[in-house]
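This report refers to the structure that appears directly beneath it.
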Amino acid sequence: MMSVAAVAGRQVWRQLARNTGTSAAIRRTISSLPKSQFRPASVPAFNTTSKAVPQFTQQQQYRSYSSGGSSGDGTPVKFWPFVAVLAAGTSGWILLINRQKNMPPNPKQTTSPTKPTSAFSPSEVTVLFVLGGPGAGKGTQCANLVSDFSFHHLSAGDLLRAEQDRPGSQYGQLIKDCIKNGSIVPMEVTVALLENAMADAIAKSGSPKARFLIDGFPRKMDQAFQFEKVVCPAKLVLFFDCPEEVMEGRLLERGKTSGRADDNAESIRKRFRTFVETSMPVVEYYDKEGKVIKVDATPGPKEVYEDVKRKLVGKLGENF
């Protein structure tokens, strides 16, 4: 009868065989081995009631562990089957791990993220961002481009001011506070207003093709990314460069008749700081993309517009 150690040994090897990629072959190998292969060397039984230490014969003490050795009762002890089984199990385990690494992903478990699509196609809708410090003359030049090139002019600032005055607007007070403090309105509000205004203009024109000048937008990088993701990618950026002292003089003069709450010295300086800190990085980003048309806005309106037309046609062509 096999000892407890022998039985446990067989169970261990069978479990190892089941956990590898070669389970069937290994189990057949183990099952075909004679039970005598698992018989351990004869060991005298211990007398649990006696403190005497059992005596081993010299043959039992120095049993040979070679494949040609023998046990104490003369039965040959062969260890090559154990080595073969161990080698096969290890190889099978390594092959299984490598095969799992190289397996293609299960298509049922693979979820491809849905690529967001913009509301308008850039092949049909041309968008130009118009940037420059407050008082750089963006509105004046946009009016000229609307007249000569059939652009739709959308001023982010005008849309926000109209929204703050709209009865029942949930964003009215928020917009009013941001404009007064020279801070930036949350981009979700501005982008939604621009998208709605573009959709209205296209619906009124009756044609899916349209050109838009987005004046005073984007004022931050996150606004630019959000607009291009959900509304339409921009074709170019018109940047009107003007010194602060020139812009401040223009705004103070305009404030005498405009009635705008932000046309005062304190709000103007806050707007200058905001533009430099948040909007100039937008200009620099698109400039690296090769999408910026820089115009010196210091001269008078007519001279500036001639420069705008020349550079715009040079960038987009005569029939853009």
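Glycine is treated like the rest: Cβ placed from N, Cα and C.
Because TrEMBL annotations are produced automatically, they should be read as predictions rather than curated entries.
The stretch that TrEMBL tags with region 'Disordered', taken from the ranges 58-78, 100-120, is 100-120. Long-range neighbours of GLN223 (ribonucleoside 5'-phosphate binding site) (same chain, six or more residues apart, CB within less than 8 Å of its CB): ILE184, MET187, THR190, VAL191, PHE217, VAL282. Other Cβ atoms within 10 Å of the Cβ of GLY137 (ATP binding site), summed over all protein chains shown, number 22. Around the Cβ of PRO218 (ribonucleoside 5'-phosphate binding site), the number of neighbouring Cβ atoms within 10 Å comes to 28. Closest to ARG271 (ribonucleoside 5'-phosphate binding site) in space, going by CA atoms and restricting to the binding-site residues GLY135, GLY137, LYS138, GLY139, PRO299, is GLY135. Across the range of the region 'NMPbind' (155-185), the DSSP-based residue counts are 20 helix, 1 strand, 10 coil. Remote same-chain residues near the region 'LID' (253-263) are listed as 135, 179-180, 182, 271 (criterion: CB distance under 8 Å, separation of at least six residues from the stretch ends).
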